[in-house]
Amino acid sequence: MSANSVSRLCPPYHKHLHLQTRNPSEVSKVMAFQDDKPYLGVTRPITTAESNPREKEVTVTLMEELRRQKTFESEQECRTREIVLGKVAALVKKFVYQVSIARGLSEATANAAGGKIFTFGSYRLGVHGPGTDIDTLCVVPKHVSREDFFDVFEGMLKEMEGVTEVSGVPDAYVPVIGAKIMGIPLDFTMARLALSTIPDDLSLKDDNLLRNLDERCVRSLNGSRVTDEILRLVPNVEVFRDSLRCIKLWAQRRAIYSNVSGFLGGVAWAMLVARICQLYPNVAAGAIVSRFFIIMHQWSWPEPVLLKQIEDGPLPVRVWNPKLYPGDRSHRMPIITPAYPSMCATHNVTASTQMIMTEEFKKASEVVERVIVGTAEWSELFKKHDFFHKYRYYLMVLASAANADLQCKWSGTVESKLRQLVMKLEYVESLVIAHPFIKGFDQEVLCLTDEEFRAVAEGEIPPATLKRKKEDCEGIEGRMVYTTAFYIGLAVEPKQPGQQGPRKLDISYPTNEFVKMVKTWDKYDPATMGVVVLNIRRSSLPDDVFDPGEKQKPILKRPIQKGTGKTDKESPDLPNKRRK
């Protein structure tokens, strides 16, 4: 497919931004018409033909490979999820009841106040796999506040049998509480409706439910409303699900599946796949995957990806519109949610992450082309990323705390701000890419002295300390330090022909500003929490970032020379020293 062909799928902004006032009675009509033939999407399909025999054949082998890759959960885990959701539904009702009583409501009124959960994301879409979290929206009546959610509900979760790793991040773009229940991870969001009671038969389709809500509640509700709308906007749900399973696995293996890190999250990947399904409504999953990579590699960003025309409504809520809002114009890869009010699901994408994803689309399209012609296997598409082998220099952002519960909150706060550091680094002269890794690496270290405690918090863990086990120190007084390390790969511009002398890469300003910013968290306590930014060479990366056997001979980081902040034999173009 040529670039011109792809550009025809991206109508100009003025066509996209023609806001249609939606008649509630027409909410279920999602089909557009051309020449009296219905179709889904903002443009007509590229083709309505069915897959050829070869595309059907590679679809069979794709599904076989997805099963080999264990992307489908077992029946036992499926049953466990249902049990967990039943327990959570009961807990939300109990939470609303307790808050209602605390507000002075009568017993009868408190019991009638209700409370309901809605799942969204991969679980609701039907593409979850083993260990996948369940995105869960808790809908509560108007007298229950967000503060109650983080103070009361989070506490109730911690006391619930079978619950571990409870961690609330109230300052996130969409405030969330993460937890594990019976081994199943869940992410809880909350929406407070302008209703006195939440009935068991409540549906979220009605736009009027958004009346008198703050932006955070609207964003929380949008998760569930968007998921349901996506399923209504694809021509064949089973083909969509099979295709999305493939794209999700590929994105996870290539380490580009993370909204918080500046890549795409689950809903954005789902909308991209849904758009390709609209353009090829009658082909098999193997063909959808092939077209996906070709079209996404050539897409004319920042033209938005839309599943339906953006709709206006009667409510005073913000709808994505780059003509009105400068912030919307800054979105590099806008993928717009189909439920009112339309929002950009990819506002976190930076210049670096866009370049990384574009390159991955290109590589994947070449692999799938070889699969189609029979010179490659699907397994090649799912090869693991090479992030920790790719760059000469890395930044390690180390968040530490004195207890496990505190560390969950603190590391989550630091992670939510990493995108800001990446964006600041992108302005550094001679730095081509600041590539964030999509997850952190946790460690628990037992320290016997104050010196060890300080060293661990600063990222300088002596080998003997790292190997120490609790059982070996019974009866010996010590302190635990909980750390989470996040990594950013740095691609430095190569020397130009004829360029003389060493290059300087000064990253002191962005790293200092980042540390100052995260320390403004209202719950930050310098006595129990720490954050430090360290430069680290590829040869000195710690063992825990590699799979077993991936790195045979670990090399310890060279010691810091006292008083200089520099490592021995430091390269002149090594990123500037650590920032605390």
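Here the Cβ of each residue, glycine as well, is placed from N, Cα and C on the backbone.
Pulled from TrEMBL:
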DOMAIN    41-234  domain 'Poly(A) polymerase nucleotidyltransferase'
BINDING   Phe120, Gly121, Ser122, Asp133, Ile134, Asp135, Asp187, Lys248, Tyr257, Gly266, Val267  ATP binding site
BINDING   Asp133, Asp135  Mg(2+) 1 binding site
BINDING   Asp133, Asp135, Asp187  Mg(2+) 2 binding site
DOMAIN    239-384  domain 'Poly(A) polymerase central'
DOMAIN    386-553  domain 'Poly(A) polymerase RNA-binding'
REGION    543-580  region 'Disordered'
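This view paints the features noted in TrEMBL onto the structure.
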{"residue": "Phe120", "record": "ATP binding site", "Cβ neighbours (10 Å)": "26"}
{"residue": "Ser122", "record": "ATP binding site", "Cβ neighbours (10 Å)": "22"}
{"residue": "Asp133", "record": "Mg(2+) 1 binding site", "Cβ neighbours (10 Å)": "17"}
{"residue": "Ile134", "record": "ATP binding site", "Cβ neighbours (10 Å)": "22"}
{"residue": "Asp135", "record": "Mg(2+) 1 binding site", "Cβ neighbours (10 Å)": "25"}
{"residue": "Asp187", "record": "ATP binding site", "Cβ neighbours (10 Å)": "18"}
{"residue": "Tyr257", "record": "ATP binding site", "Cβ neighbours (10 Å)": "21"}
{"residue": "Val267", "record": "ATP binding site", "Cβ neighbours (10 Å)": "23"}
Cα within 10 Å of Asp133 (Mg(2+) 1 binding site) - qualifying binding-site residues among Ser122, Asp187, Tyr257, Val267: Ser122, Asp187
Annotated ATP contacts Phe120, Gly121, Ser122, Asp133, Ile134, Asp135, Asp187, Lys248, Tyr257, Gly266, Val267, maximal Cα-Cα distance (Å, integer): 18
Cα-Cα distance linking Asp135 (Mg(2+) 1 binding site) and Phe120 (ATP binding site), given in Å to the nearest integer: 5
Separation of alpha carbons, Asp135 (Mg(2+) 1 binding site) and Asp187 (ATP binding site) (Å): 5
Residue pair Tyr257 (ATP binding site), Asp135 (Mg(2+) 1 binding site) - Cα distance, angstrom, rounded: 16
Secondary structure content, the domain 'Poly(A) polymerase central' (239-384) (per DSSP, counts of residues): 75 helix, 8 strand, 63 coil
Nearest-integer angstrom distance between the alpha carbons (Cα) of Val267 (ATP binding site) and Asp135 (Mg(2+) 1 binding site): 11
C-alpha spacing of Ser122 (ATP binding site) relative to Asp135 (Mg(2+) 1 binding site), in angstrom: 8
